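Undergrad: Swiss-Prot feature annotations, pasted as is:
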{"type": "BINDING", "residues": "Glu138, Asn140, Glu145, Asn156, Asp157", "note": "Ca(2+) binding site"}
{"type": "DISULFID", "residues": "Cys48-Cys59", "note": "disulfide bond"}
{"type": "DISULFID", "residues": "Cys76-Cys168", "note": "disulfide bond"}
{"type": "DISULFID", "residues": "Cys147-Cys160", "note": "disulfide bond"}
{"type": "DOMAIN", "residues": "54-169", "note": "domain 'C-type lectin'"}
{"type": "CARBOHYD", "residues": "Asn70", "note": "N-linked glycosylation site"}
Amino acid sequence: MRMHTRLQFLKRVSNVAYSHGQEQAKKEKVYKEMTQLKSQINRLCRPCPWDWTVFQGNCYFFSKFQQNWNDSVNACRKLDAQLVVIKSDDEQSFLQQTSKEKGYAWMGLSDLKHEGRWHWVDGSHLLFSFMKYWNKGEPNNEWEEDCAEFRGDGWNDAPCTIKKYWICKKSAMSCTEK
């Protein structure tokens, strides 16, 4: 009988070890599947919302309808963005080309606070190096034109009350694993 009890005991130990091994294999399988899912999610990650365009770490929204400059500023705020503030020549080139395809569009530049002193909606002033982007003879304030738009191959000042397309900008999200 003693031998029989010993065999039963060994059989139970063996079953426990086998069960433990199966549990470990299940855990490893779940971990592997989880790692694969994380990898797939990262590939699906979008740094910008749908209908936005990514360029050099920023997201740009090109409106599908027109409104005046102030309403455009507010529309961008509602999207947790701002009417586009241009920070580089590359960005200017990208926006100018894209806006040419879509139509005249507001940017976040105006001289509403003080005539002739152009400021971006983020409070920064227009750099001298960007003056080259004004179309010939612009800005001219011909008709109380205090807001800037993309027009043709450059910038134009226009009355802020005119309805135009508009471009919002915000930082792109990171898709890296944390």
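Keep in mind that glycine also has a Cβ here, set from the backbone N, Cα and C atoms.
The structure displayed is predicted, hence computed values, not measured ones.
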Undergrad: By a simple count, how many Cβ atoms lie within 10 Å of the Cβ of Cys160 (disulfide bond), its own Cβ left out?
TA: 21
Undergrad: Between Asp157 (Ca(2+) binding site) and Cys147 (disulfide bond), what is the CA-CA distance rounded to a whole number of Å?
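TA: Taking the Cα atoms only, Asp157 (Ca(2+) binding site) lies 5 Å from Cys147 (disulfide bond).
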Undergrad: Other than Glu138, Asn140, Glu145, Asn156, Asp157, which residues of the chain come within 8 Å of the Ca(2+) site, judged by Cβ distance to the Cβ centroid of those residues?
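TA: Not counting the recorded site residues, we get Trp134, Asn135, Gly137, Pro139, Asn141, Glu142, Ala148, Trp155, Ala158.
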Undergrad: How many Å lie between the Cα of Cys147 (disulfide bond) and the Cα of Asn70 (N-linked glycosylation site)?
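TA: That separation, Cα to Cα, works out to 10 Å.
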Undergrad: Highest CB neighbour count within 10 A among the binding-site residues Glu138, Glu145, Asp157?
TA: Asp157
Undergrad: Near the Cβ of Cys147 (disulfide bond), how many other Cβ atoms are there if near means within 10 Å?
TA: 27
Undergrad: Check the Cα-Cα distances from the residue listed as 'N-linked glycosylation site' to the recorded positions Glu138, Glu145, Cys160 and tell me which is shortest.
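TA: Considering only the listed recorded positions, the nearest one is Cys160.
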Undergrad: Nearest by CA distance to Cys48 (disulfide bond): which of the binding-site residues is it, out of Glu138, Asn140, Glu145, Asn156?
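TA: Going through Glu138, Asn140, Glu145, Asn156 one by one, the Cα closest to that of Cys48 (disulfide bond) is Asn156.
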Undergrad: So which binding-site residues are near Cys168 (disulfide bond), with CA atoms within 10 Å, out of Glu138, Asn140, Glu145?
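TA: The binding-site residues close to Cys168 (disulfide bond) (Cα within 10 Å) - there are none.
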